Amino acid sequence: MSAPAPEATIGTLPSLLGATREELGDALAAIGVPEREIRMRTAQVWHWIYFHGIRSFDTMLNVGKGLRTTLAAHYSLERPQVVSEQVSVDGTRKWLIRLPPVDAQDRGAEVECVYIPESDRGTLCISSQVGCTLTCSFCHTGTQKLVRNLSAREIVSQLVVAREKLGDFPGLVPPKDGLLPTEGNRPITNIVFMGMGEPLYNFDNVRKAVSVLSDGEGLSLSRRRITVSTAGVVPQMEALGREAGSMLAVSLHAVRDDLRDKLVPLNKKYPIKTLLEACRTYPGASNARRITFEYVMLKDINDSPAEARELIRLLKGIPAKINLIPFNPWPGAPYDCSDWDRIERFSDIVFNAGYASPVRTPRGRDILAACGQLKSETEKLRARARLLGED
């Protein structure tokens with residue numbers, strides 16, 4: 001179900017961007033930094049990479065010139081390439097990011113990353129895989145085959161790239177177009193692993209990435225503001241809560257196994273009862289750290305009042321909130337979005353039972369950046385490569 005994730009690129013110096021503290025310390029030891037200085041030097045370099053967002057080792061003013069020169073001779077701070085940036089009429093931004101090649105056969109995989117600004121927050125939706133194995137029938141990403149896992153460094157680099165584009169490092173200027181939060185001083189306040197891929201099929205790299213994203217001396221995002229979404233990879237859920245400490249979101253979308261088998265085929269392996277048992281024992285779940293259940297509203301498929309009442313019954317005893325997601329269309333999609341009055345009635349039933357049931361406002365539909373619409377250009381690149389190979 002998973003694919004290996006790379007750490008270094010071919011033909012270039014390895015990038016330290018995205019490295020954990022341990023990996024950064026190992027990199028410094030490998031170029032001759034004395035053991036007694038490793039901890040101090042790691043803290044210095046870490047601060048420059050993740051707090052200041054530097055692109056060159058030469059800008060590390062409190063690090064000696066000799067070490068800066070040695071670092072530059074052996075490592076880089078290379079970022080992925082932003083192939084395109086689209087800005088929606090509602091201020092949502094979507095970046096197509098091309099990752100450096102990892103071997104001679106790799107032509108540069110691509111992922112999509114989405115920024116959703118609101119008045120009081122800015123949410124970055126990041127990817128954990130190139131493509132996906134799950135083939136959820138309502139999701140555009142599910143129509144793209146899995147290419148490979150992203151490394152922890154590639155996951156972290158999505159936030160670094162986004163912060164650069166939004167002027168969110170010292171000395172950078174925010175963009176003039178689009179929207180940014182008007183309350184507070186941080187354009188990116190939340191991260192959701194709801195982009196391309198199933199995060200729990202890339203658990204080790206997601207866990208490592210969360211440790212970098214949440215480090216208080218660098219990128220400094222609270223783990224309570226990092227949400228990992230899963231379609232229900234039950235064996236990894238407990239470990240996610242215990243080792244990553246992030247918030248959990250579950251892509252539920254149905255209250256009957258026969259329907260969920262079609263919408264989320266993973267349900268055949270981990271049916272609803274098994275999934276909800278794992279939610280009940282999720283480490284740290286409480287009224288202050290509720291599990292989010294995502295429920296896409298599909299016209300005449302899963303949107304009846306009876307299904308709303310069954311959802312309430314299923315979630316009894318779980319600290320939960322339910323995000324109702326109007327279906328976002330994509331080319332060739334086999335579903336339609338529920339009528340608005342149907343969505344509101346469903347929401348009212350759930351809310352009156354004591355569960356928060358916000359209806360997610362569709363964002364970025366005009367640039368295919370909304371929930372369920374992401375699909376990279378990697379497949380097109382591979383198709384072109386095959387055609388070139390046949391010439």
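Using N, Cα and C of the backbone, Cβ positions are placed for all residues, glycine too.
The 10 Å shell around the Cβ of Glu112 (active site, proton acceptor) contains 26 further Cβ atoms across the protein chains shown. Sequence annotations record features per position, and here Swiss-Prot assigns active site, proton acceptor to Glu112.
Taken from Swiss-Prot, the feature domain 'Radical SAM core' applies to 118-368, supported by sequence analysis.
Listed in sequence order, Cys113, Val114, Tyr115, Ile116, Ile191, Val192, Met194, Gly195 are the same-chain residues at least 6 apart in sequence whose CB falls under 8 Å from the CB of Cys125 (disulfide bond). Annotation note: Cys125 (disulfide bond) sits in a strand segment as assigned by DSSP. The disulfide bond annotation in Swiss-Prot covers Cys125-Cys371.
Contacts of Ser251 (S-adenosyl-L-methionine binding site) defined by a Cβ separation under 8 A and a same-chain sequence distance of 6+ are given as Cys136, Ser229, Thr230, Ala231, Gly232, Val264, Glu294, in order along the sequence. In the three-state DSSP scheme, Ser251 (S-adenosyl-L-methionine binding site) is classed as strand. Summarising the annotation, Swiss-Prot assigns S-adenosyl-L-methionine binding site to Gly197, Glu198, Ser229, Ser251, Leu252, His253, Asn328.
Residues or ranges marked as active site, S-methylcysteine intermediate by Swiss-Prot: Cys371.
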Query - Cα-Cα distance linking Glu112 (active site, proton acceptor) and Glu198 (S-adenosyl-L-methionine binding site), given in Å to the nearest integer - result: 14
Report task. Between the Cα atoms of Glu112 (active site, proton acceptor) and Gly197 (S-adenosyl-L-methionine binding site), find the distance and write it as a whole number of Å. Result -> 11
Requested in this report: List the residues of the same chain that sit at least 6 positions away from His253 (S-adenosyl-L-methionine binding site) in sequence and have their Cβ under 8 Å from its Cβ, in sequence order, or write 'none'.
Outcome: Phe138, Arg260, Leu263, Val264, Glu294, Tyr295, Val296, Asn302
Report summary line: Taking every pair from Gly197, Glu198, Ser229, Ser251, Leu252, His253, Asn328, which the record gives as binding S-adenosyl-L-methionine, the longest CA to CA distance in angstrom is 19
Query raised in the report: Over all shown protein chains, what is the count of other CB atoms within 10 A of the CB belonging to Leu252 (S-adenosyl-L-methionine binding site)?
Result: 28
